[in-house]
C-alpha cells in the first residue's frame with residue numbers, strides 16, 4: 001500500500017495536495033498528489049512502497065491544516081460484483097491489518113455522495129462480520145488498534161486501508177457531529193464548539209474550559225462565539241460596535257464593550273481565553289493575535305483567518321509563520337495548531353496556547 005488518502009473540504013483539493021506534498025517532503029517522503037477538482041479528497045502516491053505507512057505513523061495529523069482525515073490505502077477496487085461486494089474488500093485487507101479496532105465505511109463529503117452514504121450504512125454490517133471472521137477486525141471495538149477504512153468514490157469502486165488511532169481524526173469522515181443549539185444567536189457558534197473538540201483533548205476540558213474563567217470575544221456581534229464561552233460558565237467581555245443578543249446579556253455573564261476589536265486593550269491581567277472571528281485581511285488579524293500573545297493578554301486563543309481567492313495554503317502558512325516568529329523573538333514558548341474545520345467556509349481556524357507568560361512576575365498554570 002503506497003497511497004495516502006486525505007479527505008478535505010470540497011473545492012480545497014489543491015490546497016490539501018500542496019500541503020501534503022510539502023509536509024511529506026519535510027519527512028523525507030517523496031511522491032505526487034492526484035487531484036480531482038471538487039472531489040473532496042486527495043490521493044498522495046509515494047514513490048517508495050513503505051513510505052505511506054511512514055507518513056501515517058510519523059507525520060503528525062494535527063500539523064495538517066486542510067485534511068480532515070488521513071489513512072494508508074492500496075489500489076482502487078473497481079467493479080465490485082453486486083452479488084458479493086464483501087469478498088474482494090476482505091481480500092484486499094488480508095495480511096495488511098490484523099485485529100483492527102474499528103471499521104469505517106465512508107464517502108467523500110459532497111452532494112453527489114449522499115446516495116452512496118445510504119449504501120455504506122447497509123454495507124457496514126455484513127462487511128464487519130466478514131472482517132471479524134477473517135481476523136482483520138477484532139471481535140470488539142477498541143481505540144488501541146488501527147481503524148480500517150473502506151472509502152467509496154463511486155458505486156462499486158472503493159479504496160481500502162487503515163489509519164492509526166494516535167494519529168488520525170477520531171470522527172467518522174473526519175467530521176464531528178454537532179447539533180446547532182436552538183438558543184444560540186448565530187450558526188457561527190458551531191465553529192468554536194468544533195474548534196474545542198479538535199484542538200483540546202476531552203480529558204482537559206474541565207481544566208482549560210473551566211467555570212469562572214475570564215474571556216474576551218473580539219468582533220463578537222451577535223454573540224455566536226460568546227455563547228460557547230457563556231455555556232461553559234465563563235465571564236466574557238464581548239467587544240463589538242454591533243449589538244449582542246439579549247439572551248446573552250440576560251445571563252449576567254457578558255459585558256458588552258462598544259469598541260473596535262482592533263483598538264481594544266484589556267485592563268484585566270487574568271484573561272484565560274481570547275477568541276476572534278472578524279472579517280478582515282488575514283495578515284491584519286494575525287498581527288493582532290501576535291500582539292495579544294506577546295503582551296501576555298491571554299493564555300489561549302482561537303481565531304479565524306479569512307482566506308484569499310488564490311494561494312490559500314501559502315497565505316495561511318505565512319500568517320502562522322509570522323506569529324511564530326514574533327513569539328520566538330520574545331522568547332515565548334507556544335503551541336500553534338490550525339485546521340479548516342467542517343463548519344468553516346473560506347477560512348481556517350487557528351489555536352495558540354502559550355506555555356509561559358511574556359510579562360515579568362506572572363506565571364501560567366503550566
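Glycine too: its Cβ is placed from the backbone N, Cα and C atoms.
Going by Swiss-Prot, these are the annotated features:
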- 306: active site, proton acceptor (ACT_SITE)
- 188, 221, 222, 223, 224, 240, 260, 277: S-adenosyl-L-methionine binding site (BINDING)
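Of all the binding-site residues listed here (240, 260, 277), it is 260 whose C-beta has the fewest other C-beta atoms within 10 angstroms. Taking the C-alpha positions, the distance from residue 240 (S-adenosyl-L-methionine binding site) to the residue listed as 'active site, proton acceptor' comes to 18 Å. Recorded residues residue 277 (S-adenosyl-L-methionine binding site) and the residue listed as 'active site, proton acceptor' have their alpha carbons 9 Å apart, per Cα-Cα distance. Each of the binding-site residues 222, 223 was scored by the number of other CB atoms within 10 A of its CB, and the lowest score belongs to 222. The full span of the recorded S-adenosyl-L-methionine binding residues, 188, 221, 222, 223, 224, 240, 260, 277, taken as their largest Cα to Cα distance, is 20 Å.
Cβ-based neighbour count (10 Å, all protein chains) for residue 306 (active site, proton acceptor) stands at 17.
Annotation for residue 224 (S-adenosyl-L-methionine binding site): spatial neighbours 184, 185, 186, 187, 188, 189, 191, 192, 277, criterion Cβ-Cβ under 8 Å with sequence separation of six or more. Of the recorded residues, residue 222 (S-adenosyl-L-methionine binding site) and residue 306 (active site, proton acceptor) place their C-alpha atoms 19 Å from one another. In three-state terms derived from DSSP, residue 224 (S-adenosyl-L-methionine binding site) belongs to a helical segment.
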